[in-house]
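Visitor: Before I ask anything, let me first share the structure, which is written out below as structure tokens.
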Amino acid sequence: MRIGHGYDVHRFAEGDFITLGGVRIAHGFGLLAHSDGDVLLHALSDALLGAAALGDIGKHFPDTDPQFKGADSRVLLRHVLTLIHGKGWKVGNVDATIVAQAPKMAPHIDAMRALIAEDLQVEPDQVNVKATTTEKLGFTGREEGIAVHAVALLLRA
């Protein structure tokens, strides 16, 4: 078995929604990114790639490559799954913590878990997503962006 850790950050930018875990959430800002800015799926992808010793999302989906401009991070996550399956691994479980002062995540967590489970071909109880604030401290507390920490456990297929 293998474990991996992923971390990603995106700053807020002009827009009226963000996408987290594949779920579109109304917000006064968007997230600045080359792809769709789904910081949750980016952190999960990095955790999975790390566990399989396959590098990171920057290696597989560089922000200098125009083909990934505006890319759907769910498609990228499914590609990551193909890569780890190709190395003889399957997902045991994933766990992520969203760090954001706003918007409130609780109403969206179940939908995020369901989409992530679908994309990773696992049961929803193998996916955990939680959210916290930093009590208005730091860049997330000042509502300048969102950060996500994620871990993944891989098992031999």
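Our numbering is plain: 1 for the first residue shown, then up by one each step along the chain.
Just so it is clear, glycine is given a Cβ too, placed from its N, Cα and C backbone atoms.
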Visitor: If Swiss-Prot gives Asp8, His10 as binding divalent metal cation, which of His27, His34, His42 does it give for that site as well?
Guide: His42
Visitor: Neighbour count first, Cβ atoms within 10 Å, every protein chain included; then name which of Asp8, Asp65 tops the list of binding-site residues.
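Guide: Compared across Asp8, Asp65, the most Cβ atoms within 10 Å surround Asp8.
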Visitor: For His34 (site 'Transition state stabilizer'), which residues of its chain lie six or more apart in sequence with Cβ-Cβ distance below 8 Å?
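Guide: Listed in sequence order: Asp63, Phe68, Lys69, Gly70, Ala71.
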Visitor: Using the alpha carbons only, what distance in Å do you get between His10 (divalent metal cation binding site) and Ser35 (4-CDP-2-C-methyl-D-erythritol 2-phosphate binding site) once rounded?
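Guide: Ser35 (4-CDP-2-C-methyl-D-erythritol 2-phosphate binding site) has its Cα 11 Å from the Cα of His10 (divalent metal cation binding site).
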Visitor: How many whole Å apart are the CA atoms of Thr132 (4-CDP-2-C-methyl-D-erythritol 2-phosphate binding site) and His42 (divalent metal cation binding site)?
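Guide: A Cα-Cα distance of 18 Å.
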Visitor: How big is the gap, in Å, between the Cα of Phe139 (4-CDP-2-C-methyl-D-erythritol 2-phosphate binding site) and that of His42 (divalent metal cation binding site), rounded to a whole number?
Guide: 19
